[in-house]
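Copied over from Swiss-Prot:
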DOMAIN    10-72  domain 'SH3'
COMPBIAS  155-172  compositional bias 'Polar residues'
COMPBIAS  189-198  compositional bias 'Polar residues'
MOD_RES   228  phosphothreonine
MOD_RES   229  phosphothreonine
DOMAIN    263-296  domain 'WW 1'
COMPBIAS  303-334  compositional bias 'Polar residues'
DOMAIN    355-388  domain 'WW 2'
DOMAIN    466-567  domain 'PH'
COMPBIAS  572-582  compositional bias 'Acidic residues'
DOMAIN    648-836  domain 'Rho-GAP'
SITE      684  site 'Arginine finger'
């Protein structure tokens, strides 16, 4: 998180946190604290603002009501005055040197530590001038030499001779480009101290600040404090430093030398138990012993992955060892420790699963607010998660495979707002100067500004149901879902309640995602849903959705936005398809086989780790496969896939069949006139919907259709399929643009109605006129046999009125429109010879 003080970049807008807030993102927890400051990126809406800690970090969202926008003047850090040290607070420290190694150190902002200036000095701590800001033009190959001498001079601090000194010729770039605090890039630091101690012997001990507990001494291979005890001097019960009051040097606190085989080995460190059963750690190379788990060094190549291309310089083994050490408690920084995966169990507790042994541990907090871990079976409890001996190569493979799996399963990640690589534990009260370095375990920083998450384009509450999933029909189940259009993907999650946007809600993971690439969108027919304002979305993967809203304006807006998004995706895909799509239909089969091979290969790779070369090869093949694969519309335009009969445009269908009346319409009419004119309730009685769907499927797939087959012996199945054909037309037989004209015509005087309707029919396209003529002549013959089938002009008009004539957008006048629709059909049937001639 951001610091509460530090240098401010000129010309930028900043916000300051007024209240604490936290929420769960996809794979981490976003936490902001009162007083923290961030760089304002964008005021997304009234509820959420987009911010980031610095210009090089990933942006994330904060609630606008919890922050305030501040000016540069308000953000400038105050000038701190040096405070005198009391006589009894600190003994004379002869010399204290903070010396930077003269070796050439690589500049790595991701591995920087926070320099955390103390707000006040109350007799303890090392004093630092708040105005001591270093320039940004330091050479990373030069040496920083800081000398800080604190003398016990009558209780006063000698600022003239003992203030920090920085050589103008030996400076190093210490601070990253962050808008908040300054960042001290300390990769290898050693403290040397000469002072009085309790013990009379001579020797050296290694101590380390422990931010979690002050009751035990700990040592680390990355930060070492050496305390030399001169003879004939003593300081009973006095702290080593004034700001390290809890740490005391005690020769007897060291663990014993190992006398039995190691319980566990991790690199150079071995885990042993003493006679009381307490675990301690022993380094075979340096012979260090410590009660606290050491910080493991990260692999050189892994550390370099976090550098930008322009900053990659070779590190010496020692420098890399010291600059790449991490605390095991990585989960406190927002991500689980390396080698562990994090999830929530059914009770909402944080559950960690080992990537090596599949062992499960739970995280808990004791009554003092300290975090600890216990195994799922309750047999063990530790302050830190167990560490397992895994080679750096295996760790990289697990990291890479996990990252690949996540991208494949969840193509759009909305809540992963930032790639935070450095987190300062601001709640660490025991050790104000302790810093923690946290790097993401399964991702690398973006190499350019182009890799930003796409912005939110549209969101809102919609009713949605799936009718087909992966080519298989599913039961319709309408749900009220929160929809978010993000780039080329449409995401659905549960209702957000009072939240007005996707961001910041606890429901950060979408229920399902729809890929709009190659999708088809159209208004749904009545047989798909009886609801109003429904449109159908068909994806390239074989999923069909019905999306609905009671608000006409909302559904029309969504329809336009989704149509525009789909058209943009089709245009981009067609450009690639024109260059690389094969011209021969025979290659389509080869492409399908190749697709299946690629998918099988992809599934096998998900379960196993891959080395770097294999992963690069797979990414390249997958990218090539996705870019070369043509969209459904492009293949259909080339003639490889024929359009279906049901749901096709009438003019296109007639053009494809080289006629003006669809063949299926002729076939149904001939069959009904031959076998069904005397059937009671013909066209009014509904047929078996399942059999009708089978007939529809057979027609759409160009199967040889014989209506005299026993499968179609029910005449109501034939009439039901004919009515379904006209219902599923994208534009009804009486086209949308003439609907109001037909309604106005039927409102005229009886003598003028026929002429007006006749003139309007002549304005329709030729396929519409011819199909209308053959259909109405057939219905006239059905009515003429009314003594047998009991069908009248009114009953036929009621059946076919809403099917053949309907407005483009349903309004509140459905009942009135239904009356007009029936009257128009009835008028044409009564005046058939006048309208169409004999």
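Quick reminder: no glycine exception, Cβ is built from N, Cα and C everywhere.
Using a 10 Å radius centred on the Cβ of residue 684 (site 'Arginine finger') and all shown protein chains, the other Cβ atoms total 15. Secondary structure of the domain 'WW 2' (355-388) per DSSP (helix as H, G, I; strand as E, B; remaining residues coil): 0 helix, 13 strand, 21 coil. Per DSSP, the secondary structure of the domain 'WW 1' (263-296) breaks down as 0 helix, 16 strand, 18 coil. Under DSSP, residues within the domain 'SH3' (10-72) fall into helix, strand and coil as 4 helix, 31 strand, 28 coil.
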